[in-house]
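Feature list (source: Swiss-Prot):
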type     : residues                       : note
DOMAIN   : 1-59                           : domain 'TRAM'
BINDING  : GLN283, TYR312, GLU333, ASP381 : S-adenosyl-L-methionine binding site
ACT_SITE : CYS408                         : active site, nucleophile
Amino acid sequence: MLKKNDIVEVEISDLSHDGAGIAKVDGLVFFVDNALPTEKIRMRVLKVKKNIAFGKVESYLAKSAYRSDNLTVDYLRTGIADLGHLTYGQQLNFKRKQVINSLSKIAGISDIEVADTLGMDNPTAYRNKAQVPVRRVNGQLETGFFRKNSHALMPIEDYYIQDKEIDRLINFTRDLLRRFDLKPYDEKEQTGLIRNLVVRRGHYTGQIMLVLVTTRSKIFRIEQMIEKIISEFPAVKSIIQNINDRNTNAIFGSEFRTLYGEDTIEDTMLGNRYIISAQSFYQVNTVMAEKLYQTAIDFSDLTPDDTVIDAYSGIGTIGLSFAKKVKDVYGVEVIEAAVRDAEKNAALNNITNVHYVADSAEKAMASWSKRGIKPDVILVDPPRKGLTESFIEASTAMQPRKITYISCAPATMARDVKLYEELGYKLVKVQPVDLFPQTHHVECVALLVKA
């Protein structure tokens, strides 16, 4: 029986859903970071449980032809790019396979063609948002990412998947914090001032927002810092302070103060303008979000007479992108601030046929149904946990001709598709989309039609 710190030669047979290598030894399934199928490795045993175990690569005896050496192992250790060691074409294949496996194993569906994953021409430096912790490492204030499953900061200058101008602003701000001797947050001692830097950048507008997350309100010499930042980065339109004095993993506290400029920035997506606040949910990969939303619109095959329900509507990015092509859009979102943003975004784009409510999707559906609203298409974009049974039942009771499902988790999508099929809807096509290159995450669009 293998035990901790034993070293054994193994061959990696597959990848897990989150990109770990899988090896089978003595009836145990081992999960090994930074190991790819067909690779032969010397593996150190880290932990053994009842049926599964964890190992690490001690050395490679034979490497995969699909291993990418563009990335240092540090990026894998932080989880920034947990698939960055796999060539990009194979990443896309892996993501398609995740969707196929989920549909087959969870929904029992294997007769639907899952299209090749839509990918990026340049699958790095794509993120329009960064959330970076500030800590002391070896006596110096540093910015970077935490190592996986820990709160030990790994200092980073090039974040690989973030917009390069965002990286430059983070490094510049870090240097100013050092220069002005502002103390980084110490989680253990609950001391220090600067907890996090959050940066957002409009992909098309170039407008930048910087949020300083602090433990208290006073920031020494903040006016001089702001002056230097806007002199070096004229695209910075908003500098905000957020105060978070709680012992929590949540990045933001409840209090926001605008220190410079506006409290929002703007960007465009599929031709519409959007106002983005520090807390707004806005897809972090603009180019691929446009492909995702356009795929959902194409699948829905909308007509000028259609009434569409946009469930989980956020700040309106999906519904507003097709509103001018249909009769009416009814949007529901549980976060009230997002609904207010959606209404502002509709006004900003002179769109008058959208109707938003702040409520649970289930309650909104019941209310619309009572009012006699009959949707032709229901478009859903739920969080990772997927849809509730009650939502699925309420949506099918309205008898739309199509349900277009945007998913960020193939397993919960497959579970939901199974219930939709039991209630008289048929899955007809699925398109995976790579919103998060270099990571194991995959989004997809699925079309269900009334049988």
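Even glycines carry a Cβ here, placed using N, Cα and C.
Structure with Swiss-Prot features highlighted.
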{"residue": "GLN283", "record": "S-adenosyl-L-methionine binding site", "CB count, 10 Å": "20"}
{"residue": "TYR312", "record": "S-adenosyl-L-methionine binding site", "CB count, 10 Å": "21"}
{"residue": "GLU333", "record": "S-adenosyl-L-methionine binding site", "CB count, 10 Å": "27"}
{"residue": "ASP381", "record": "S-adenosyl-L-methionine binding site", "CB count, 10 Å": "22"}
{"residue": "CYS408", "record": "active site, nucleophile", "CB count, 10 Å": "18"}
TYR312 (S-adenosyl-L-methionine binding site) in three-state DSSP notation:
coil
Report the DSSP secondary-structure composition of the domain 'TRAM' (1-59) as helix, strand and coil residue counts.
0 helix, 34 strand, 25 coil
Name them in sequence order: residues not among GLN283, TYR312, GLU333, ASP381 whose Cβ is within 8 Å of the mean position of the Cβ atoms defining the S-adenosyl-L-methionine site.
PHE281, SER313, GLY314, THR317, ILE318, PRO382, ILE406
Given GLU333 (S-adenosyl-L-methionine binding site) and CYS408 (active site, nucleophile), what distance in Å do their CA atoms have, once rounded to a whole number?
17
Give the distance between the Cα atoms of the residue listed as 'active site, nucleophile' and GLN283 (S-adenosyl-L-methionine binding site), rounded to the nearest whole Å.
12
Would you mind pulling the DSSP three-state label for CYS408 (active site, nucleophile)?
coil
At its widest, how many Å does the recorded S-adenosyl-L-methionine site span between Cα atoms of GLN283, TYR312, GLU333, ASP381?
16
Restricting attention to the domain 'TRAM' (1-59), give the mean pLDDT.
95
